[in-house]
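The block underneath contains the structure these notes are about, expressed in structure tokens.
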Amino acid sequence: MRGRHVDAYSTYKRVSSRDYYLGADNDKDDKDETSIRMPNGLAKDIGNPSWKRSLPHVLVAIISSFLYGYHLGVVNETLESMSLELGFSGNTMAEGLVVSTCLGGAFIGSMFSGSITDGIGRRRAFQLCALPMIIGASMSAITKNLWGMLLGRFFVGIGMGIGPPVAALYVAEVSPAYVRGAYGSSTQIATCFGILASLFIGLPAKDVVGWWRICFWASAVPAVLLAFLMEFCAESPHWLFKRGRGAEAEAEFEKLLGGLHVKYSMAELSKSDRGDEADTVKFSELFYGRHSRVVFIGSTLFALQQLSGINAVFYFSSSVFKKAGVPSDSANVCVGIANLSGSIIATLLMDKLGRKVLLLGSFSGMVVAIGLQATAATSFVSSFGALYLSLGGMLLCVFTFSLGAGPVPGLLLSEIFPNRIRAKAMAVCMAVHWAINFFVGLLFLRLMEQLGPVVLYTIFGIFSFLAVIFVKRNVTETKGKSLQEIEISLLPQE
């Protein structure tokens, strides 16, 4: 059966793309599409597919991003009351472990996410990532001691490690090229909503005994919803085609883009992919030879993203604001709103300005914002001025991060990685992300105590500046291009 699917679609390689584009003129059954003939006469004359077809599938997929954001922020408002009830109040290392154990689990989950995603498909991978999130959230909600909390956070982390790379892959692979930037940015918006939701749900935690347990129970609801709704979503045509299931890939393209675009999409897919390619990608291939450069770019982008110190804001903003004399409730809500506002703007600009421009502007803005925070911590500023500089710098840092450094790396990497290595390459890059995230979460409070805010913020600012240089020299613009066009331009066929 598999061989017959491959034979059926090997014809895409033998017939020119022009013939397929022109042949699509005969398909007049899709009334929603417009016909646009390109000036070069090569007849990409079928217009853009309707964005409405793929939107429901994207909305379900980004529930995983909502969960990711929720579990990043859930300990922010609840850490104080949780530590009092579980008996580790005042122990900064234990507080750091509650945060970083989740990140350690995410590192392990991300390492296996590539094999899982390639092995069972994108839809099943989403459902699988929901399972440890449900188990872990339940364990955290009922625990009576620190060890139970750490185990629950570890299980949640495994699901978090699987979810983000799968979401980035899936959204990129099911989205039309002309809205792929906006849809890719929606994962960041969902993450922002998740963080905001955790902050709002956590507001009563300091006044209501045991409320922090409700905060963990609440996260199980969207996880169950993700597992259920994904059963009705389309599978990635790119994954199906790579597995030699061409007929099924065609059916999913029709569901996602409309019948008029099936032949064009299959022809594009065939330019770079081999439908009969069933060999296993070895991790060694990602570090040597023709793929090493894009993997290096991806890993470095995620490393610089985390070394900017942004997640320290989300994990410990309550503690930082408290020391600055700012009420944590209102401050954390402002952080969430700044994050969401920037993400919405990024969604609107992603397919207009492009990925590289947003990355450059974002990291440059973070350099300025972190500089304000470092200045606020010096003795040269009055206590009144330091308060506003600290708060303003933190909010500006979050806002500028969400404009590019937050949403772009995941989207960009899912675009530049060839289909054959996409899942495993994303897994490697996300593992780098989680490893650095783990140490930031574990050591931030301790480094703040020992180095002081001026030195620590200066270090974060230096990494943000290095990110500007790296992006300018290494990142290629991908807006408006199909995944196959991007692959061919970066990795010319031998």
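Even glycines carry a Cβ here, placed using N, Cα and C.
According to TrEMBL, the feature domain 'Major facilitator superfamily (MFS) profile' maps to 57-479. For 54-73, 93-113, 154-172, 184-205, 211-233, 294-318, 357-381, 387-413, 425-445, 451-471, the entry in TrEMBL reads transmembrane segment.
Of the two recorded stretches, the transmembrane segment (184-205) does not lie close to the transmembrane segment (425-445), with fewer than three CB pairs under 8 Å once pairs fewer than 6 apart in sequence are set aside.
Where the transmembrane segment (387-413) meets the stretches 54-73, 93-113, 154-172, 211-233, 425-445, the count of C-beta pairs under 8 angstroms peaks at 154-172.
Panel annotation: around the transmembrane segment (425-445), residues 92, 95-97, 99-100, 103-104, 106-107, 110-115, 117, 161, 164-165, 168-169, 283, 286, 291, 294-295, 298-299, 301-303, 305-307, 309, 311-312, 315-316, 319, 413-414, 417, 456 of the same chain, lying at least six beyond its termini, place a Cβ under 8 Å from a Cβ of the stretch. Taken together, the residues in the domain 'Major facilitator superfamily (MFS) profile' (57-479) have a mean pLDDT of 85 on the 0 to 100 scale.
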